[in-house]
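**Q** What follows is a single structure, and I will ask about it in a moment.
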Amino acid sequence: MFNSYLSRASVKASTGLFQQTSLNTQMRTYMGTAGRYRNSRYGNKALVLGLAVAGGAYYYYNRESNINRVACEGIERNTKSPEKALGWTGFTTLTLRETQDMGKNAKLFRFDLPKEDQVSGHTTSSFILTCIVKPGTENNWWPSYVFRPYTPISAEGDLGHVDIVVKQYEDGTTSKYIHALKPGDKIKALGPVGNSQYHANAYKSIGMIAGGSGITPMFQLLRKIIDNSEDKTKVNLLYCNRTEADILLRDELETMAAKNPERLQITYCLSQPPPEWEQESGRVSLDMVKKHMPEPSSDTKVFVCGPDGMVSTVTSSGGYWFSKRKDGILKE
């Protein structure tokens, strides 16, 4: 229900510039010829003939150029980039369309953009900043506001909507607020934040270490890679959670892996695994990284995103949202 893709094509058209230059030269030639015959008995005929031919050519050119102009304008209208709903000039109002359960205490929220033909404006692994009025301060002269970042999992080209996955926490003001929304309710958002650009085949292998809801920027990047059949990059994902029920986007991830076994390998790690669990368990360790991540080289890149504690252990970065540093375990 929530998968939608946009195919794009670019078209180039000629504007007929060389036709116009040639026509102007011909008109000057006809007028010059008529001038030379002005005092002869053929002068008027030459002038009339010259103007008639030039006029006919000019009419033909104008007709053709108008057709070309209309055609070009049509092409420009058809290939013009969609308007972006989000930006930094002010908050954009998003309207909840529907929700879908995504596992333990987690839901996918599809928000309508102001216009059906808009894209959200987010890029791969960027996030949007949501803004809500802190409950209990709505009637204050100066209400308190709470801002929280969420990475959309919808495609960059999806029209008319943006999807985010929100996990509800007991002490999470914004997550509780969003989970209480009903279709038709509204929320404000700003962004996108982050301008990292992914280029196909820039690396032979990419490693991803994700924890909890830190899977969302990884999912965006995975989608970008897998949706491009020309991208031969191989990806190894190590996804860590507390329990099996906490694994987000599992169906979507495993569908990707099943269709692209040579390009995507997924390993789950649980800190509280069930008795029959056969994959990794415990916290992320050096042995896990060596086992599941690509060998260090100029052709590989490792991305880390998750809870501050996990990110700090793996990268010693202090908990960046989307870390590319290689300290901590990665330094080994």
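In case you wondered, yes, glycine gets a Cβ from its N, Cα and C as well.
Keep in mind that TrEMBL annotations are predicted by a computer and have not been checked by a curator.
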**Q** Among T99, T123, T124, T216, which residue does TrEMBL annotate as binding FAD at the site that also has R148, P149, Y150, V165, K167, S175?
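**A** Looking at T99, T123, T124, T216, the one TrEMBL places in the FAD site next to R148, P149, Y150, V165, K167, S175 is T216.
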**Q** Is it possible to get the count of other C-beta atoms within 10 angstroms of the C-beta of R148 (FAD binding site)?
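**A** Counting Cβ neighbours of R148 (FAD binding site) within 10 Å gives 17.
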**Q** Specify all same-chain residues, apart from the site residues R148, P149, Y150, V165, K167, S175, T216, whose Cβ lies within 8 angstroms of the center of the Cβ atoms of the FAD site, ordered by sequence.
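**A** So the extra residues in range turn out to be T151, I164, V166, S213.
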**Q** Tell me the residue counts in helix, strand and coil for the domain 'FAD-binding FR-type' (89-199), as DSSP assigns them.
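**A** When I sort the residues of the domain 'FAD-binding FR-type' (89-199) into the three classes, I find 7 helix, 49 strand, 55 coil.
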**Q** Going along the chain, which residues six or more apart from S175 (FAD binding site) have their CB under 8 A from its CB?
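**A** Expected: R148, V166, K167, Q168, Y169.
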**Q** Please state how far apart, in Å and to a whole number, the two most distant Cα atoms are among R148, P149, Y150, V165, K167, S175, T216, the recorded FAD-binding residues.
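**A** Per the listed residues, the maximum Cα distance equals 15 Å.
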**Q** When you measure from the Cβ of Y150 (FAD binding site), how many other Cβ atoms are you left with inside 10 Å?
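**A** Other Cβ atoms found within 10 Å: 22.
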**Q** Note down the number of other Cβ atoms within 10 Å of the Cβ of P149 (FAD binding site), including every protein chain shown.
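**A** Total other Cβ atoms inside 10 Å, all chains included: 17.
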